[in-house]
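Peer 1: Pasting the relevant annotations from TrEMBL:
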DOMAIN    60-311  domain 'G-protein coupled receptors family 1 profile'
TRANSMEM  42-67  transmembrane segment
TRANSMEM  79-108  transmembrane segment
TRANSMEM  120-139  transmembrane segment
TRANSMEM  160-177  transmembrane segment
TRANSMEM  219-240  transmembrane segment
TRANSMEM  252-271  transmembrane segment
TRANSMEM  291-313  transmembrane segment
Amino acid sequence: MATLSSEELIKIKEKTIMPPLNTSHPSPVTFSLMGIPGLEHLHVWIGIPFCSMYVVAVVGNVTILAVVRAERSLHEPMFLFLCMLSVTDLVLSTSTLPRMLCLFWLGAHDIAFDACLTQMFFIHSFTTMESGFFLTMAIDRYVAICHPLRHTTILTHTRITIMGIIVVIRGVAFFSPHPILLKQLPYCRTRIIAHTYCEFMAVLKLACVDTGATSRYSLSVASIIGSCDAILTAVSYVFILQSVFRLPSREAGFKALGTCGSHVCVILVFYSTTGFSIFTHRFGKNIPAHIHIFIANMYLLAPPFLNPIVYGVRTKKIREHVIKALSVKVA
C-alpha cells in the first residue's frame with residue numbers, strides 16, 4: 001500500500017474536518033497535529049529514541065534536585081542555579097514529550113484549542129527561561145573562576161533568588177501575549193498543524209487574516225532575547241578562558257577547560273537548534289518541513305537530556321553523593 005504524502009494527508013483531512021472557506025471561526029474546538037510531515041510512516045520508530053531521551057531527562061533532573069536538596073553542602077550558587085535549570089528542563093520536556101509520544105504511538109492527532117495554547121505558552125516561556133538560566137550559570141562560572149575569593153559574597157542566596165525570579169518573570173512576561181493574540185484570531189483555513197506540538201508560528205499560519213505584525217513581534221522578541229543571552233554567555237566564557245589560560249597549574253587548567261568545554265557544547269546545541277528553528281520561519285522557505293520540525297524537536301529534547309549528564313554526572317560533588325546514596329541502599 002502506497003504511503004500518502006503530507007500534502008495528500010492534509011487534503012484528505014481538510015475534506016472531513018474543514019468548514020467552507022468563507023466561514024470564520026474565532027475559536028476552533030480542536031486542532032490536528034500532523035507530526036513530522038513526510039515521515040509519518042516512521043513515527044513509531046522515531047518515538048523510541050525520543051522516549052529514551054525523555055526518561056533520561058526525567059530521571060537525571062529529578063536525581064539532581066533530590067541530591068542537592070538532601071545535601072546542605074551543595075547549597076552553593078552553582079548547584080542552586082543547576083536546580084533552577086533542572087526544574088525548567090522537567091517542565092519543558094514534560095509539556096511536549098508525553099503528548100508527542102501519544103501522537104507517534106497512539107495516533108492521537110487531535111488537541112483541544114485551549115490545550116494547544118497552554119502547551120505553546122509553556123514551550124516558549126520555559127525555552128526562554130532555559131536560555132536565561134544558561135546565562136546565570138555562565139555568570140556563576142565567571143565569578144567562581146575569575147573572582148574565586150569573592151564568589152560567595154558576590155553571589156549570595158538573595159542575589160541568586162533575585163536572578164532566578166528575573167529569569168522567570170522575563171519568560172512569562174514576553175510570551176504570555178502569544179496565546180492571547182492567537183485566541184483573538186479567526187481561523188477559517190485548515191485546522192491541521194504541520195508539527196509535532198503547538199508551536200506559535202505553525203498555529204499562526206492557520207489564521208485567515210493578515211498576521212504580519214504578530215509574526216514580526218514574535219520573531220523580534222525571540223531573536224532579541226536569544227541574541228542577548230547568547231552574546232552575554234559567550235562573553236562570560238571568553239573571560240573564563242582567559243583566566244583558565246593564566247592558571248599556573250597545567251593540570252588545573254586542563255580540568256577547568258574540560259568542564260567549560262562540555263558546558264559550551266550543551267549551550268551551542270541549544271542556541272544553534274533554537275536559532276535554526278526561529279530563522280527558518282523567516283528565511284528558510286526552501287528547507288524541507290521534516291528537517292525543520294525534527295530540529296525544532298531537538299531544542300526541546302537535547303538540553304533536558306544532556307544537562308543532567310554534563311552538569312550532573314560530570315560534576316564530582318554530585319557524582320560522589322549519588323554513588324554514596326546508591327551504595328547505602330545496596331548495603
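Just so it is clear, glycine is given a Cβ too, placed from its N, Cα and C backbone atoms.
TrEMBL entries are annotated by machine, without manual review.
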Peer 1: Along the domain 'G-protein coupled receptors family 1 profile' (60-311), what average pLDDT does this model show?
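Peer 2: Overall, the domain 'G-protein coupled receptors family 1 profile' (60-311) comes to a mean pLDDT of 88.
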Peer 1: List, by number or range, the same-chain residues at least 6 past the transmembrane segment (219-240) whose CB is under 8 A from its CB atoms?
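Peer 2: Here the qualifying positions are 124, 128, 131-132, 134-135, 138-139, 141-142, 145-146, 170, 174-175, 201, 256, 260, 263-264, 267, 271, 274-275, 278-279, 281-282.
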Peer 1: Counting Cβ pairs under 8 Å that sit 6 or more residues apart, are there three or more between the transmembrane segment (160-177) and the transmembrane segment (291-313)?
Peer 2: no
Peer 1: By a Cβ-Cβ criterion of under 8 Å, what residues six or more beyond either terminus of the transmembrane segment (291-313) are in contact with it?
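Peer 2: For the transmembrane segment (291-313), the far contacts come to 36-37, 39, 50, 53-54, 56-57, 59-61, 63-64, 82, 85-86, 89-90, 92-93, 96-97, 100, 123, 127, 130, 137, 194-197, 199, 262-263, 265-266, 269-270, 273-274, 276-277, 280, 284, 319.
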